[in-house]
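Okay, structure first, notes after.
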């Protein structure tokens with residue numbers, strides 16, 4: 001279980017604001033009138049604000065090798081050459097002419113062939129943003145998320161073209177692959193889970209974020225807002241999340257670099273940064289409670305974990321409640337002692353999970369997580385009732401459930417003597433009832449004996465699975481993929497840029513590393 005970190009002080013924000021070193025190969029481009037030349041490229045071939053510019057772009061922006069305008073067309077920054085990125089025509093040009101920089105004509109990103117990656121440069125970013133805003137203004141858009149008000153001509157066109165695009169059960173809008181930027185599968189799978197979180201999607205697509213940062217370009221929430229726009233724009237080509245990666249590196253330095261990272265660690269770091277950057281969206285001050293945060297991250301992901309420590313002499317109970325963003329669960333096969341399955345589990349179905357003999361279930365892991373634990377003589381606490389140090393028991397229960405419950409199955413074991421991955425299969429259900437693990441249900445559980453809730457009509461604590469993150473491989477070398485639910489019974493596998501349809505069986509048979517559940521019914525506060 002990872003508790004939600006407290007907000008960082010401004011001094012740390014200032015420290016993290018220093019970006020990592022950029023591309024060292026930009027020097028050959030930044031000579032003479034490079035800014036003027038770059039602005040001309042953005043105006044004519046990328047943003048194209050006027051109708052004439054868009055026509056010119058459509059006619060002239062074709063690959064100089066195959067004559068096609070698709071396949072992620074890029075333009076050389078040193079000479080007049082357009083080439084396909086997908087078919088490597090721009091790569092061949094870069095190699096033969098030693099022109100190592102090119103610009104993506106769809107999104108405006110700069111690619112370095114020596115770094116073999118999209119790069120970030122503050123000066124170029126400023127020019128790109130300025131030219132983009134100019135193009136929006138020419139088109140009458142103003143701001144990217146401003147309300148659309150149709151002109152008289154557009155109203156006439158709407159009358160003569162009444163057909164609307166309907167979102168059906170077979171619609172694939174929202175499905176989009178992500179380019180792997182070099183061992184970034186850990187990030188891609190979490191992005192897929194977040195972009196398919198229903199309430200988070202609704203928040204960003206309704207333009208609810210109001211940035212109060214001095215530099216919006218360094219705001220991760222602004223970038224997530226743009227990311228949601230990209231995912232639900234209807235485009236099917238893989239998205240390149242280079243800006244997101246740069247911001248994560250900037251604000252979570254321990255994740256910087258192209259080494260393999262942990263998806264769970266990235267999730268917690270991303271939620272932490274999003275939480276800190278959501279200050280402008282937080283109306284918690286209205287509650288006259290300076291410690292209360294009501295940002296979208298806390299509304300969706302934050303739960304309350306109750307810890308009851310009971311003195312074994314006077315049976316006095318000390319209770320604390322801590323916020324959490326996820327629940328980390330031990331697995332059989334780890335160095336942490338596990339308990340055998342209950343005798344009645346064989347051949348039974350509990351919480352929608354099939355309990356075969358020897359099979360560990362998510363419910364089993366939650367039972368272990370919430371069972372009383374004897375702290376032992378080496379961990380005595382000072383009892384306020386006895387006024388002396390006594391042995392005690394500790395029990396964790398759920399005081400408040402989050403809207404989205406994320407369960408982290410602890411498959412990676414790190415210790416002084418051991419580093420390994422635990423591959424124990426854990427059965428998890430499509431629907432999960434958390435009632436047995438609530439603090440309010442504690443009285444009904446005696447000596448570790450758990451029963452299904454008698455009131456089957458209580459839906460407040462019921463969840464539905466909507467995303468699963470998996471890890472294939474070993475601790476030293478592996479790959480992350482994810483399953484996401486597009487509609488109620490439609491599942492897709494996301495493997496970086498590749499999206500394929502999956503069956504429910506594929507999902508439930510997978511190993512499971514991070515399990516994302518969404519509340520079935522939401523209560524108003």
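Any Cβ shown, glycine's included, is placed from N, Cα and C.
Annotated features in Swiss-Prot:
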ACT_SITE  185  active site, nucleophile
BINDING   23, 25, 112, 115  Zn(2+) 1 binding site
BINDING   63, 66, 84, 89  Zn(2+) 2 binding site
DOMAIN    176-520  domain 'USP'
MOD_RES   129  N6-acetyllysine
MOD_RES   147  phosphothreonine
MOD_RES   237  phosphoserine
ZN_FING   21-138  zinc finger
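Everything Swiss-Prot records as a feature, shown here on the structure.
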residue : record                   : contacts (Cβ under 8 Å, 6+ apart)
23      : Zn(2+) 1 binding site    : 112, 115, 119, 120, 121
63      : Zn(2+) 2 binding site    : 69, 71, 73, 82, 83, 84, 87, 89
66      : Zn(2+) 2 binding site    : 84, 87, 89
129     : N6-acetyllysine          : 217
185     : active site, nucleophile : 479, 480, 481, 496
237     : phosphoserine            : 72, 106, 176
Name the residues of the same chain, 6+ apart in sequence, whose Cβ is under 8 Å from the Cβ of residue 25 (Zn(2+) 1 binding site)?
100, 101, 112, 114, 115
Roughly where does the domain 'USP' (176-520) sit in mean pLDDT, to the nearest integer?
82
Zn(2+) 2 site, defined by 63, 66, 84, 89: further same-chain residues with Cβ within 8 Å of the Cβ centre:
64, 65, 67, 68, 71, 73, 82, 83, 87, 90
Residue 89 (Zn(2+) 2 binding site) in three-state DSSP notation:
helix
Can you give me the residues near the recorded Zn(2+) 1 site, meaning same chain, not 23, 25, 112, 115 themselves, Cβ no more than 8 Å from the center of the site's Cβ atoms?
24, 26, 100, 101, 113, 114, 117, 119
Can you count the other CB atoms that lie within 10 A of the CB of residue 115 (Zn(2+) 1 binding site)?
15
For the zinc finger (21-138), residues assigned helix / strand / coil by DSSP:
52 helix, 17 strand, 49 coil
Would you count the other C-beta atoms found within 10 angstroms of the C-beta of residue 84 (Zn(2+) 2 binding site) for me?
22
What is the number of other Cβ atoms found within 10 Å of the Cβ of residue 112 (Zn(2+) 1 binding site)?
20
